[in-house]
Structure formats: structure tokens, C-alpha cells
Amino acid sequence: MQMTLSGFILIPFFLLTVVYIMRKTRNKSFTIYQKITIYSFAFYCYAVLYLTFFPFQIQTGMYANQTPWLSRINFDPVLDLSALPNLLMLVPLSVYYYLLKKKSTFFRAVLLGFSISFGIEFVQFLTNYFLGGWRGADIADIVVNTMGAALGYLLVKIVFTNETSSFFQKFKLYS
């Protein structure tokens, strides 16, 4: 028997996030550009959750955990074409980090990317081990996601030092 819980979890989570943001920004004077940054960041977080954890499947009965969990872990961090989505997944995180934080550094952006990636893989490992989920932990994902976070920060620094900087500065929450 298989169940998917994505809609039951993600839709209320997204609605609560939007309500929370509306309450937090209600008395602040944000420009339309800054509001675009805030709401698009919430949508980005929602998308990352959806892509990394859902559909959330729980295996029960005679179909539970028929594939040994250890065989699902990829310990070979070889970069191939299948790693491209993982590289791109955390590029926006560094961009949002730069736009939302007053003081941002390359090291902190990479550390944030590593922490988020490690957290995702750890939760995937735990759900796979304890609930018989179908998402396996992958060490290569941590490496490639962290590279994506580094790439995102480097890209945003290039864009913000270019002649287009004045337009993109409007999206920053802090000057």
C-alpha cells in the first residue's frame, strides 16, 4: 500500500508561509520590488521542499523496504549530467541570501548551501531508513548543491557589479 502526503502538507505550509509573510511585512514599507523578492523566496522554498521530499511515500505491508536502504546511498560523487538539476537547485538560494541579508559573504553563502543540502539529504536518509521512502541519500548531491550555492553567489556578485546593478539593487531588502 502506498500513500502520498504532498498536498496535505505542502498546501497548508505554503498558505501559512504567505500569511506569516503578510503579517511580518504589514507595517513595513517595502517597495513592490522588495515584495517580489520576499514572495518569490517563499515560492522558491516551497518548490525546493516539493522537489526534494515529495511525493512523500510511506511503504507499509508486504511492500515495505524491499530494497535495502544502504544500496540506495550513492557514495560516488562523480559529476555527470544528472547532477545538473542539483547544481541549479541552490543557485537561487545564494541569490536570495544576497538580496535578503544585510551583510552577505561568499563563505556564508557556501556554508548555507552546504547546511541546506546536508539537511535535505539527512532527512531523505531518515525517511528512507525509517519509513521506507523512495528517495535515497546521495553524497554527490551535497557536493553539487554546495557548488551550486557557490556559483549562485559568484553570479550575483558579477550582476551586482555590472551596469545593470542599479536595476537589481531595487530587489534588495537592505542597501
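Positions of Cβ are set from backbone N, Cα and C atoms, glycine also.
If you look up TrEMBL, you'll see 41-159 marked as domain 'VanZ-like'.
Residues 38-39, 42, 45-46, 49-50, 54-56 of the same chain sit 6 or more residues outside the transmembrane segment (6-24) yet have a Cβ under 8 Å from a Cβ within it. What TrEMBL records for 6-24 (among others) is transmembrane segment.
Feature annotation from TrEMBL assigns transmembrane segment to 36-58 (among others).
TrEMBL lists 78-99 (among others) with the feature transmembrane segment.
Counting same-chain residues at least six beyond the ends of the transmembrane segment (106-127), those with a Cβ under 8 angstroms from any Cβ of the stretch are 48, 52-53, 56, 73, 90, 93-94, 97-98, 133, 135-139, 141-142, 145-146, 148-150, 152-154, 157. Sequence annotations record features per position, and here TrEMBL assigns transmembrane segment to 106-127 (among others).
Marked as transmembrane segment by TrEMBL: 139-160 (among others).
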